[in-house]
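Engineer: Would you mind keeping the following structure in view while I ask a few things?
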Amino acid sequence: MSDYDAEIAFLGEWGRFQQKVFYLLCLTAIPNGFTGLSIVFLADTPAHRCVVPAHVNLSAAWRNSSIPLEEDQSHGGALVPSKCSRYKIDAMLSYSDRGLLPGVDVNLSHVPQESCLDGWEYDRSQYISTIASEWDLVCDDSWKKPMTSSVYFCGVLTGSFITGQLSDRYGRKIVLFLTIAIQTVFTFSQAFAPSWTVFCALFFVVGLAQISYYVSAFVLGTETLGPRVRTIFSTAGMCMFFGLGYMFLPLLAFFIRDWRKLLLCLALPGFLYVPLWWFVPESPRWLLSKGRIGDAEAIIRAAAKTNKIEPPSVIFSPLQLKELASEKKRAHNICDLLRSRNIRWISITLWLVWNTVTIAYFALSLNTSNLHGNVYFNCFLSALVEMPAYAVSWVMFRWYSRRLSLFSTLFTGGLFLLLIQLIPADLIYFAITLEMIGKFAITTAFAVVYAYTAELYPTVLRNTAVGTCSMASRIGSITAPFFIYLRSYSISLPYILMGSLTVLSGLLSLLLPESYGMPLPETITHMQHFPGCCRRTPYSLTHIEEEEKAAEHTKNSSQN
């Protein structure tokens with residue numbers, strides 16, 4: 001309904017009802033912060049080297065020299081012990097039995113090498129165990145580590161695809177709590193995974209549920225709260241609570257060094273959300289879009305009672321109910337995002353922007369374990385940087401153009417990532433500072449694009465549209481771990497690729513329509529226009545738009 005906000009304005013902006021909805025929905029975002037990025041610690045690879053069996057009768061000199069030295073690009077080309085090879089046991093035994101000393105009597109470059117046939121020994125000073133050390137995800141199997149994250153993001157992709165449609169069909173609230181339960185149960189089950197394959201299968205479902213309930217909570221709050229509070233909720237609100245969860249992750253991981261126990265700890269908060277079912281209402285906007293006028297009015301009257309306000313005897317006029325009845329005749333689905341020229345170009349542009357933002361955000365977040373220094377501090381710093389970023393996103397969203405806010409943050413983030421490759425190798429902390437500034441800008445862009453997308457699409461398609469944008473972006477999140485994997489070939493290559501894509505995406509975002517100061521659209525015809533799509537003749541409208549135009553015309557004629 002185009003004047004929904006005006007009809008419920010009697011509730012006020014920040015009564016007890018709005019406060020309850022705001023904080024309870026924000027609380028549901030906390031597990032997203034530590035679940036989505038827990039792989040930083042679950043799959044971190046400790047320092048490791050080939051095992052030389054204890055029963056092999058080598059002299060102390062040969063046992064200490066059993067691992068060849070090789071250049072490490074991440075340490076500026078310094079020589080470090082090999083992680084994936086050792087000198088052949090038979091050759092070392094032969095030299096040892098003859099009393100020859102390595103590097104003195106024997107040139108080590110001439111000693112043949114072999115792979116780690118007896119497994120690896122891992123440094124236990126930082127972790128008791130990770131999935132990398134338990135299932136040997138190193139050397140020839142090192143690809144399994146980024147693949148683990150990619151499987152999770154494949155689940156996120158699947159969840160983004162189905163969740164929006166389920167939520168638009170069955171309701172925001174039921175999908176929210178169902179997917180919270182699924183994530184909790186499967187995260188708990190992961191702690192007992194007997195193999196890497198089973199772990200990945202469970203992780204897929206966790207990813208599916210994680211994005212599903214985040215998007216459902218995001219849209220539920222956006223549709224239930226008033227215009228001013230909606231802006232805070234969709235930028236700083238949900239995102240800051242996500243950031244709090246992210247900040248808890250390194251703190252928990254610091255005290256719980258075993259990956260199975262850490263997973264059990266991360267699963268427990270999900271059980272605390274069960275009672276919220278009786279306190280979080282369904283979206284009145286969604287109920288109205290489904291023609292459930294009585295249920296919507298009941299929630300609004302209950303909200304008025306909570307806010308100690310006397311509601312009017314008639315909340316929605318007969319003309320508005322007639323408009324709803326005409327809109328209810330046709331169900332909308334994901335295909336409607338491409339059906340007309342205007343919505344098609346908006347959707348394609350947003351999909352590209354979301355994709356790039358997601359690549360940069362998750363690649364930088366997952367890269368914290370590779371940064372110089374303590375991994376727990378680096379992860380905490382990466383999470384801490386997000387808090388002011390979310391505050392800035394709210395300020396920008398509250399007072400500035402949506403389009404320019406998105407452009408400026410993307411362009412700035414990409415520029416700082418490109419500058420990292422110009423920093424000398426000895427200025428490590430300066431390079432980390434630039435990376436954190438880039439993370440700050442990209443995190444701000446991530447918060448802005450979520451809220452911006454919700455404003456551009458109508459109620460009849462909003463959850464489907466946000467879910468589909470999230471789905472399109474998962475191509476980026478699936479590839480993000482492999483962007484970091486490129487470090488093994490060149491330290492600067494990931495930053496060059498991420499920076500270039502982010503700058504280009506910022507320029508592309510300038511094509512999007514402006515939504516600042518506009519009411520939330522209720523139907524497709526209420527949407528803002530993409531450049532070049534605003535001067536369309538009536539006969540070029542799709543049948544969806546024709547039906548909505550006819551309904552709008554009938555309403556205006558009745559009012560006149």
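Cβ atoms are placed via backbone N, Cα and C, with glycine included.
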Engineer: In TrEMBL, which of 78-95, 150-167 is labelled transmembrane segment?
Structural biologist: 150-167
Engineer: Using Cβ distances below 8 Å and needing 3 or more such pairs, separated by at least 6 in sequence, tell me whether the transmembrane segment (199-220) contacts the transmembrane segment (21-43).
Structural biologist: yes
Engineer: Answer with yes or no whether the transmembrane segment (174-193) touches the transmembrane segment (429-452) by the criterion of at least three Cβ pairs under 8 A, sequence separation 6 or more.
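Structural biologist: They are not in contact.
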Engineer: Quick one: do the transmembrane segment (21-43) and the transmembrane segment (261-280) have at least 3 Cβ pairs under 8 Å, skipping pairs fewer than 6 apart in sequence?
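Structural biologist: These two stretches do touch.
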Engineer: For the transmembrane segment (492-512), name the stretch out of 150-167, 404-423, 464-486 with the most CB-CB pairs under 8 Å.
Structural biologist: 404-423
